[in-house]
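J.: Questions regarding the structure given below will be posed in turn.
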Amino acid sequence: MHKFFAHHIETLRARFDRILSESAFDALLLGSGTAPRRFLDDTQYPFRAHPPFVQWLPYLTEQPGSWLLLRPGYKPVLYLYCPDDFWHQAPEAPSGDWTALFEIECFTDVGALKALLKGLGRTAVIAAAQPDFAREDWVHNPAGLMARLDFERALKTDWELHCLRQANRIAVRGHLAAEQLFQAGASEYAIHQGYLAAIDHNERDLPYDNIVALNCHAAVLHYQFQQREAPAERHTLLIDAGASHHGYAADITRTHAADPASAFAGLIAALDSAQKSLLRSVAPGASFIELHQQMHELLAGVLRDAGLVSASVEAQIAQGITRAFFPHGLGHLLGLQVHDVGGWQQDAAGSLREPPAEHPFLRLTRTLQPGFVITIEPGLYFIPSLLGKLRESPGGRAVNWAQLKALMPFGGIRIEDNVAVTAQGCENFTRDAFAAAGREGF
């Protein structure tokens with residue numbers, strides 16, 4: 001057991017005991033989830049345990065049908081589903097010193113579990129669906145309780161910070177391998193396979209589907225394919241790919257130019273410099289909305305200095321020019337989920353602050369606090385549909401369309417770091433991991 005894990009469970013117990021009491025619940029059941037069947041088939045989708053369950057039991061991420069019972073003042077009880085099954089490998093009783101933090105009961109069928117769950121009082125259930133064994137007075141996914149839990153999940157324990165830090169170190173191995181394969185002329189598919197091998201993950205281990213985009217595919221924000229044939233000409237690799245460590249996610253993006261002397265490589269360096277400048281503003285009390293707006297101002301400077309746009313920074317913002325090049329949000333909360341919960345939530349009661357109308361895709365509107373882990377991921381893309389609209393707008397007169405046409409085959413740029421907010425400012429898990437691998441500034 002890692003030295004931080006016992007304190008992590010102690011922190012969760014205090015947090016959940018308090019929130020259950022505030023919500024007038026006597027007990028809470030967290031489900032691990034199940035693997036749904038494919039339509040008209042007898043096979044199942046890959047199992048992924050529910051995040052609230054994994055927060056407590058990160059060493060048990062492959063146990064569908066299991067439940068964790070939480071009651072204020074009592075030790076957490078794990079009900080581990082151990083069916084008598086000769087088709088699949090049944091789970092074994094868990095071992096390790098972490099098990100001393102839980103009571104553990106194995107059950108073979110729902111009837112046996114129902115008998116174990118008598119006399120709980122007012123009970124909440126957090127799971128994808130209300131279980132078959134639920135009693136009539138159990139409350140499924142109560143909104144008030146979940147709002148309190150989601151709001152505080154943004155505050156990471158030392159254990160969670162350790163896991164996120166380690167996930168970045170793992171992912172960096174894949175990014176370094178991907179860069180080498182790109183420079184060697186590999187296809188998107190081969191780069192993806194090399195990434196998996198370098199981080200020792202299979203696809204179901206990934207926190208999200210890798211984005212491996214060569215050339216103009218980098219203009220598709222969530223490009224979902226992996227071509228097996230390498231393109232005749234190499235311009236760009238944009239790779240948005242992560243890794244998992246005990247259920248916690250890394251979410252890293254890097255962009256590479258085939259020709260380090262090209263104008264496109266200069267744009268990558270300029271955006272990288274702008275991102276690092278913005279990182280100096282990441283600190284407790286900072287408004288993420290204002291950070292997002294500040295990034296647009298920095299991007300306007302990049303576009304002006306590169307000769308792509310002649311308008312001033314102020315004019316570019318006023319006319320919405322930068323939004324055509326950077327249409328998504330600056331980042332999001334990161335943790336058990338890549339886009340972790342509570343990004344718009346302003347308080348434990350569940351009050352929401354939606355993003356500004358001009359930036360509708362911003363996933364985080366909270367004021368930063370120590371313990372938050374966020375992504376900082378500016379982009380500069382050449383997206384035909386958005387640039388077409390820009391060309392028809394008043395702001396289009398300020399764009400150097402001839403220079404932009406030459407950049408269209410490159411697709412675009414995204415640079416994404418995973419950052420923990422600290423009392424002093426921030427800790428950049430991603431750049432620290434690259435530096436530890438001997439690639440300072442990568």
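Glycine is treated like the rest: Cβ placed from N, Cα and C.
Nobody curates TrEMBL annotations by hand; they come from automatic prediction.
Found this in TrEMBL, in case it helps:
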type	residues	note
BINDING	D240, D251, E416	Mn(2+) 2 binding site
BINDING	D251, H332, E377, E416	Mn(2+) 1 binding site
DOMAIN	4-151	domain 'Xaa-Pro dipeptidase N-terminal'
DOMAIN	163-423	domain 'Peptidase M24'
J.: Of all the binding-site residues given, D251, E416, which has the fewest Cβ neighbours within 10 Å once its own Cβ is left out?
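T.: Ranked by other Cβ atoms within 10 Å, the binding-site residues D251, E416 bottom out at E416.
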J.: Can you give me the same-chain residues 6 or more apart in sequence from E377 (Mn(2+) 1 binding site) with a CB-CB distance under 8 Å?
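T.: Non-local contacts for E377 (Mn(2+) 1 binding site): T253, H328, L330, G331, R414, I415, E416, D417.
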J.: Give the sequence-ordered set of same-chain residues, not counting D240, D251, E416, with Cβ within 8 Å of the centre of the Cβ atoms defining the Mn(2+) 2 site.
T.: I211, A241, G242, I252, T253, T375, E377, R414
J.: How far is it from H332 (Mn(2+) 1 binding site) to D240 (Mn(2+) 2 binding site), counting Cα to Cα, in Å?
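T.: Counting only the Cα atoms, the answer is 15 Å.
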J.: Around the Mn(2+) 1 site recorded as D251, H332, E377, E416, what other same-chain residues have a C-beta within 8 angstroms of the site's C-beta center?
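T.: In sequence order, the nearby non-listed residues are D240, I252, T253, G331, L334, V338, T375, I376, D417, N418.
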J.: Under 8 Å Cβ to Cβ from D240 (Mn(2+) 2 binding site), same chain, six or more residues apart: give me those in sequence order, or none if nothing qualifies.
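T.: Correct list: N210, I211, A213, D251, I252, T253, R414, E416.
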J.: What is the total of other Cβ atoms whose distance to the Cβ of H332 (Mn(2+) 1 binding site) is within 10 Å?
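T.: Other Cβ atoms within 10 Å of H332 (Mn(2+) 1 binding site): 20.
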J.: Along the domain 'Peptidase M24' (163-423), what average pLDDT does this model show?
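T.: Mean pLDDT, the domain 'Peptidase M24' (163-423): 99.
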J.: Specify the secondary structure state of D240 (Mn(2+) 2 binding site) as given by DSSP, simplified to three classes.
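T.: It is in a strand.
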J.: What does DSSP assign E377 (Mn(2+) 1 binding site), in three states?
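T.: DSSP call for E377 (Mn(2+) 1 binding site): coil, neither helix nor strand.
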J.: Quick check on the domain 'Xaa-Pro dipeptidase N-terminal' (4-151): DSSP residue counts for helix, strand, coil, in that order please.
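T.: In the domain 'Xaa-Pro dipeptidase N-terminal' (4-151), the DSSP-based counts are 45 helix, 27 strand, 76 coil.
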